[in-house]
Amino acid sequence: MKNYDLLIVGAGPVGLYAGFYAGMRGLSVALIETSAVAGGQPQALYPEKLIYDIAGLPAISGTDLTKNLLEQLARIPHEIFLNQRVEKIDSSVKNSGQQIFSVKTNKNRYQSKAILLTTGAGLISPRKIGISYEEELEQAGKLSYFITSIEDYRNQKIAVLGGGDSALDWALTLENVASEVHLIHRRKAFRAHEMTAELLNDSTVKIHVPYTVSAMNDKEITIKSIPQRNETPQSEEKLTFPIDKILVNYGFLTEQVTLIDQLSLTRNGKITVNSQMQSNLAGVYGAGDTIDYLGKVPLLSVGFGEAVAAINAMTKTINFEHNLRKGHSSTVFG
Ligand SMILES: Cc1cc2nc3c(=O)[nH]c(=O)nc-3n(C[C@H](O)[C@H](O)[C@H](O)COP(=O)(O)OP(=O)(O)OC[C@H]3O[C@@H](n4cnc5c(N)ncnc54)[C@H](O)[C@@H]3O)c2cc1C
């Protein structure tokens, strides 16, 4: 069985950065990721959206952030196991007193001296529309839940479904490349920033509210109005128009799986940690969106900082001799 100082569960942005940092601290490290690609939410949910609030990076897309994190990780020796879902983690203590974690995935088993949980939002799956042909259209590449390449939408007639920030942002972005963009939302009001809603009103996006999809095929979409309470007559109006692609923005469902017995969790299923990012279990640390503490902010820059705190704390317990003061990256790699 392969043995490491540290196993990181989840190769989202925080896990990837933690992997690099652990290598810089001299730990042998492996990352395990359930998806076929690393990068977590920025890569899967908003690859082409720009992120503006990471220190030193004025604007970077989800895809480019992932690329950069992988490049940074490549600087240190590591292993990364994609397409493997961690199912269970057990711990035992050797005769020497050394704690050992045994990590079981759907394909393999690994061992380590410490665990870092960076499982973020958990296993992510999109919320579906729930009507006929959804799966067929998805398989034919005519319906999707997130955009991987804007170019696929060039000169196309697009229906964007949803009324949150993501739906409005995509409608406005697609307006620049598509031949026609329709935004369909079941309520009159949007759940988006006021400024984005104002931009939408000034755009060429055709807004259909309060409407919902009643039928679709590979050529057209039919939407029906949702009668509002207190409105008379309570009639239902139907509209059918040609469409090339549908982008569904109904949000995502996340599944948090408890991987270790007796791990202390909040009511929302987040891991409670102390100021060193250690859970209630010795040797088990957390960082990023999967953890909670007083004042926690679920943002990338905060998650990166938590990864640093966790790795520095565990380095001292794995290697008592380590002098963290000599650990500036400019010196280590200089
Ligand atoms: C639309 C949108 C826009 C955003 N914009 C910003 C922004 O502008 N600035 C900002 O700072 N933040 C932003 N965020 C938040 C940011 O994306 C998250 O804070 C960040 O992704 C958290 O990173 P993470 O690595 O902790 O978790 P995640 O990105 O959720 O990654 C967790 C990884 O763990 C994997 N995983 C989970 N369970 C298992 C398991 N059992 N076995 C193996 N692998 C597992 C998942 O597949 C995933 O790859 C945005 C989020 C969204 C949805």
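The backbone N, Cα and C atoms fix where each Cβ goes, and this holds for glycine too.
Annotations in TrEMBL come from automatic prediction, not curation.
All chains included, 18 other C-beta atoms sit within 10 angstroms of the C-beta of TYR46 (FAD binding site). The FAD binding site annotation in TrEMBL covers GLU33, GLN41, TYR46, VAL86, ILE124, ASP289, SER330.
Under the heading domain 'FAD/NAD(P)-binding', TrEMBL lists 4-301.
Within the group of binding-site residues (VAL86, ILE124), the Cβ with the highest number of other Cβ atoms inside 10 Å belongs to VAL86.
For the recorded site, VAL86 (FAD binding site), the DSSP three-state label reads strand. Around the Cβ of GLN41 (FAD binding site), the same chain contributes GLY12, PRO13, GLY62, GLY120, ALA121, ILE124, ASP289, each under 8 angstroms and 6 or more positions distant in sequence. Take the CB of ASP289 (FAD binding site) and look out to 10 A: across all protein chains shown you find 26 other CB atoms. Listed in sequence order, the residues of the same chain lying 6 or more apart from GLU33 (FAD binding site) and placing their CB within less than 8 Å of its CB are GLY10, ALA11, GLY15, ILE80, PHE81, LEU82, ASN83, GLN84. The 10 Å shell around the Cβ of SER330 (FAD binding site) contains 6 further Cβ atoms across the protein chains shown. Secondary structure at ASP289 (FAD binding site), as computed by DSSP, is helix.
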